[in-house]
Amino acid sequence: MSFCLTELHLWSLKSTLHIADRDIGVYQYYDKKDPSVSATEHGNLEEKQRLAESRDYPWTLKNRRPEKLRDSLKELEELMQSSPCVLSKWKSKYICQLLFGSGVLVSLSLSGPQLEKVVIDRSLVGKLISDTISDALLTDSFIILSFLAQNKLCFIQFTKKMDSLDGNKRLEKLSALDLKISYYDIPGPANRTIDRHLAVNSTQDLVVCWWPLVSDDVWPWTPVSSEKDRANMLLLGFTQGGLEVLSFVRTEWSPLDVHFGTKQPYQVFTVECSVSVDKEPMADSCIYESVRNKLHCVSVTRIPLRSKAISCCRNSTEDKLIVGCEDSSVILYEAHRGVTLLAQAELRPSLISCHPSGAILLVGSNQGELQIFDIALSPINIQLLAEDYSPKETLQFKKFFDVSSSLVQMQWMAPPVVFQKPKRGEICDLLFLRFNKGPLGVLLFKLGILTRGQLGLVDLILQYIHYSEVYEAISILRSMDWDTLGQQCLIGMGTIVNHLLRQRLTPEREAQLEASLGTFYAPTRPLLDTTILEYREPVSKYARRLFHHLLRYKRFEKAFLLAVDIGARDLFMDIHYLALDMGELALAEVARRRAHDIDVESVSSGVELLGPLDRRDMLNEGFASSALMPEGENKFPGLLPSIGSTHMQTLQQKIPNGPSSRWAIERRTEEEEEEEEEEEEELCTDSSGATTWNAEGELKEDQRKQDIGDVGSLRMVHFGLV
């Protein structure tokens, strides 16, 4: 079974951590003042120290000038005890910046999972109107601060540019940048302590300031409050070296998250906690657009939930929204397919973080627990490096603390996509962890050399196939979009199909093959014409291999339907000759006639057909519903519909047909079609091994997912073709 192997590195010198000698996957720093280690008193601690030093993990921190790393870390741990951390930002893969409520800015320089340098900057201490900072924005040219109790924003400009040389490693204090500090009033409820959050767009010319709706919406002193005072989302711009409120709106529901789009810098994405007409909890995914410096809501997608949302996260491409709920359920909404997935977590999902590659997502609780799901919400086991193999569903951090400390933040160590494009082949295997009042640390994912340290969608499919977890691999493939990830989809499909074609054909594997090819031939939403033209030839090679695989096991009905979808003359002739050898004369005649029709069509049109002729040219509904085993013996009632019920597209003339559209070259006369359908129906009636698929045409649902169709309108997606 596939699982993630990890190491936990805690950046702490405290003796309150409870790390056993045999915990070779958990590390902390030790002080030189500690008494000498004795093998008889401390068991295997000496061996663990030798193991750490052999891997270039420091056992004790150096205190050389000017860094004085050990003293700086002790000062940082004391600071975390006295002041809350309001912001942590990864300036690059090597530098993390922490801003505390008192105005202290701490920069951490890393080398792998280990601390290399700690710089504590107190340039802002005593220069602000308040030491209760709510949120902050840190860029290379300015800082913006919001406060808990004041309706003001602090705008700090750098009149001197930051040195760009070796920007990934260089740490510079704010005092060297000649700060210019100014304050600006903003609308909103006065005399109230509110968490005012900030976000900036990729072009760094717009800022949004937002806060949750106040529950006790009472406005004293004025009979009618102005719309400006009731607003909870502000759009700000930069004018003449300062900040200006450009627009303000009051959201319909209380927002859970607000940020600018990564690809559309003038769109604002929000997630709002709403309620349906039946008083059922929902999440509204809204898009606001800035038009002439005014915010307008242009899109609202309502997602039904099982309980109130408490956390949310979007993937890097922003086509998937993950919502964590109070009842430990995790909801994933896929925008490109318009479907919703549900999984039940083993913990309360207070924190959610999606890997930059979009392959996995991590769910954490304040109690110090961590669980991993793939992007199709299949759970993945996790284990710390140890002598024994013991992967589990969750990872427990709390057992390493003598004093209880809640997990308040987890973040992948990578710069935001809006500020820096990830380099090709760059490894992202470190998860930053911050516990309340300390310590800080990272969780290192040991991804191995076979994937070259990568954790992408294709890498995850390869891992699933390595452990023969085909359903999980197919669900990953189904979640991928051919229009944007075509090459990765092709590689993933090839991996799954090649694995299945090497094995004996069974009803289950046949359904899995259909599901894999169906991601291209029968997508939930039609693919772009350019996508079909680019990938139909390599995908058809896999379809041809499946066709001959079906013939090898004498699955004539399915092979015929697949040949109809592919629309190639040689496939029908293969059926014709094999059917003659097997004594299936009726099938041989139908296949020969279909091959002849394709010849006629090719001559008349001057091109070789690459797809089916027409929906009415296919076998009738009774023939298309033929199954694998005699009635009463179907042990796979939740398998997929046959490939013959899917649609291929030849991109020449679009003919609407029910919910999907098919492509044809020319229509045949109704008399010819009726005559052939009668023969095919007679052939289907004579087939002794034909039964029907289940009415839903769905692949058996993973037992770890729960069907909530009875409790709401949430749509469940099963593995297989829809």
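Glycine residues also receive a Cβ, built from the backbone N, Cα and C atoms like all the rest.
Going by Swiss-Prot, these are the annotated features:
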COMPBIAS  671-684  compositional bias 'Acidic residues'
COMPBIAS  685-694  compositional bias 'Polar residues'
COMPBIAS  697-708  compositional bias 'Basic and acidic residues'
REGION    655-710  region 'Disordered'
REPEAT    305-343  repeat 'WD 1'
REPEAT    344-383  repeat 'WD 2'
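The predicted model assigns the repeat 'WD 1' (305-343) a mean pLDDT of 95.
According to DSSP, the secondary structure content of the repeat 'WD 2' (344-383) in residues is 0 helix, 22 strand, 18 coil. Per-class residue totals from DSSP over the repeat 'WD 1' (305-343), listed helix then strand then coil: 0 helix, 23 strand, 16 coil.
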